[in-house]
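The structure appears below as structure tokens.
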Amino acid sequence: MSLLTIKNLSVDFDTAGGMFRAVDGVDINVDQGDILAIVGESGSGKSVSMLAMMGLLPWTATITADEMSFDGIDLRDLGPMARRKVIGRDMSMIFQEPMSSLNPCFTVGFQIKESLKIHLDLDRAERKKRAIELMELVGIPDPERRLKAFPHQLSGGMSQRVMIAMALACKPRLLIADEPTTALDVTIQAQILDLLADLQKETGMALILITHDMGVVAETAQRVQVQYAGQKVEEQEVRGLFSDPHHPYTAALLAALPERATERHLPTIPGVVPGQYDRPQGCLFSPRCKFADDKCRKTPPPVQPPDLGLARCHYPITRQEDVA
Amino acid sequence: MLRFLISRLLTFIPTFIGVCIISFAFIRVLPGDPIVVMAGERGLSDERYQEMVEQFGFDRPLIVQFWDFFTGVLQGDLGTSFVTKRPVFDEFFALFPATLELSFCAIVIAIVLGLPAGVIAAVNRGKFFDRALMSSALVGYSMPIFWWALLLIIIFSGNLGWTPVSGRIDLLYFFPPVTGFMLIDSLLSGQDGAFTSAVRHLILPSIVLATIPLAVIARQTRSAMLEVLGEDYIRTARSKGLAPPRVNGLHALRNAMIPVITVIGLSVGMLLAGAILTETIFSWPGIGKWMVDSIYRRDYPVVQGGLLMVALMVMVVNLIVDLTYGLINPKIRKR
Ligand SMILES: Nc1ncnc2c1ncn2[C@@H]1O[C@H](COP(=O)(O)OP(=O)(O)O)[C@@H](O)[C@H]1O
Ligand code: SF4
Ligand SMILES: [Mg+2]
């Protein structure tokens, strides 16, 4: 049985300008011990789909799904009390901005121990011991002293390590890392990714790694799903995706990798992800796709079979074609 | 922290001088001659008038009069009341406990009700409680104190007879002041019913005085909470599986306290101003009533000394508020 199964998840926001579909029929499947990467430009609905699972969206959001189960629990009609027993314990999440994700008014120790206090039956001394263990685990030097530090005394990388320690406090079965390195310096990015990969290996937990950087995917994940404008447009094993992308959007993301640049300038994908007011009629990628024709612009594309990476495209690319 | 304290104390000096000047000038710009007022309806002969002008030193240049006042202040001497002939300093401290007791009760009411109200309103933004609370806050804020006090007196003292109309305690009870705070003194006196009587006298004036600060604190708490609730660390707190009371009451409120503490500090200034009116309405024997009376009597030393003391109190409160910021949010201490 898979750890997390999500079928046909949609999220609609009730905004001043009417309903806006931020996530549109996404499927997600994660087994125990998996590392799944979700890739897509900013605004593709990656964060919203994860927050929907965690139950952290504001009341303006309407969540629908054919199935949304975690560890045998149906997340769809889980009451708030029951959900609070799951999140932060068996399923936890770290975020893009580590510096602003820690509460400036409380010490690092307080914030780590808080998770232990509400989920586990440990006494004070045990909590302190476990907090120190966790800080060692995520590579924070001098943990005993750092427990008393306030977030503003930490660098971005250290803050993210603290966030990871907090998320791992109750030995979760699934860790969701939402762009954990985007806000960090390049050298620190690699360290945090290595740390996440090591911790995943050590604990055997499942990891969903959200990123907009294909480079991060190559280094860390086993399986990738590419998301665009709220839809999943392709899903493959990492190796296959890099050597044989089927969706034009995936191909374009790969072409934008620095090491694949053939010209002096990095090729970027012209245009932006459509938002609430400029959603195209047919294929959502059609305004930016170089293969788009009239059919693409009029009819939403079907989902191709698994050997074509479940690509949501009328004309999926196959290896023979030149994609660069 | 020590350096912060010293730098704050240094900025105290110019403010202090300014406050002395304003206190000195305030009563002198009002029309009316203290000697004429003192003489009352009988009037004065010109010779007697001239004599008194010299006695009070009004014939000397203003700047010299100010210098006398200022050097006196530096030596802890606020002068002597024209009317009672007692040192202003002594009169102030005899009456100040009454004002302090009233203001303290008022600010406690304002904080104890205003903070939770603001938090609940922010968490239930746009819903019934929020709207009801914010409308009442607006009404409370803009209601004329005098009218509000009379309304309460008519209902609770007049119609229902629940509370007394004026004073600090029933005349039945008499005991020498020990601390000057009626709640404490009445307990110390050991007389049956004295404490209850003191409480009953305090209720209406405290409510009246608390109304505006309560409205201000509730509104400020709500808006600060709304801002904080959108922060990333609140999402983190919720992602840990914390229950809403802990997220809102601990993680959010602690951060929202900074602007709230600021308005609480400012409210203390407003309270002392409000106390003047409230004390007059309820015949509360505090410095508010004392100063209003002195203004009518053009009792220069009392008015300028009283103003100066009140201003000093406000300055001290603001200093305490500044120091509190660092305790609540350690990030501020660093700056
Ligand atoms: N609370 C919200 N209300 C309305 N729209 C939202 C809300 N949160 C996110 N969105 C919209 O949903 C879309 C997807 O956002 P997000 O999931 O954050 O993208 P990503 O994480 O892939 O960068 C964006 O267009 C964003 O503007
Ligand atoms: S359906 Fe057409 S427009 Fe859309 S991605 Fe495929 S080729 Fe491009
Ligand atoms: Mg995001």
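Each position is counted from 1, following the chain as shown.
Here the Cβ of each residue, glycine as well, is placed from N, Cα and C on the backbone.
According to TrEMBL, the transmembrane segment annotation covers B:9-30 (among others). Long-range neighbours of the transmembrane segment (B:9-30) within the same chain, counting only residues 6 or more positions beyond its ends whose Cβ lies under 8 Å from a Cβ of the stretch, are 62, 65-66, 69-70, 73, 295, 298, 300, 303-305, 307-308, 311-312, 315, 319.
Per TrEMBL, transmembrane segment is recorded for B:92-120 (among others).
TrEMBL lists B:96-321 with the feature domain 'ABC transmembrane type-1'.
Look at TrEMBL and you will find B:132-156 (among others) tagged as transmembrane segment. With a cut-off of 8 Å between Cβ atoms, the residues of this chain six or more beyond the transmembrane segment (B:132-156) that come close are 117, 120-121, 162-163, 165, 204-205, 207-208, 211-212, 214-216, 218-219, 222, 274, 277-278, 281-282.
Under the heading transmembrane segment, TrEMBL lists B:198-218 (among others). Remote same-chain residues near the transmembrane segment (B:198-218) are listed as 101-103, 105-107, 109-111, 113-115, 117-118, 121, 133, 136-138, 140-141, 143, 145, 148-149, 152-153, 156-157, 162-164, 167-170, 182-183, 186, 260, 263-264, 266-267, 270-271, 274-275, 278-279, 281-282, 284 (criterion: CB distance under 8 Å, separation of at least six residues from the stretch ends).
Sequence annotations record features per position, and here TrEMBL assigns transmembrane segment to B:256-282 (among others).
The transmembrane segment annotation in TrEMBL covers B:302-328 (among others).
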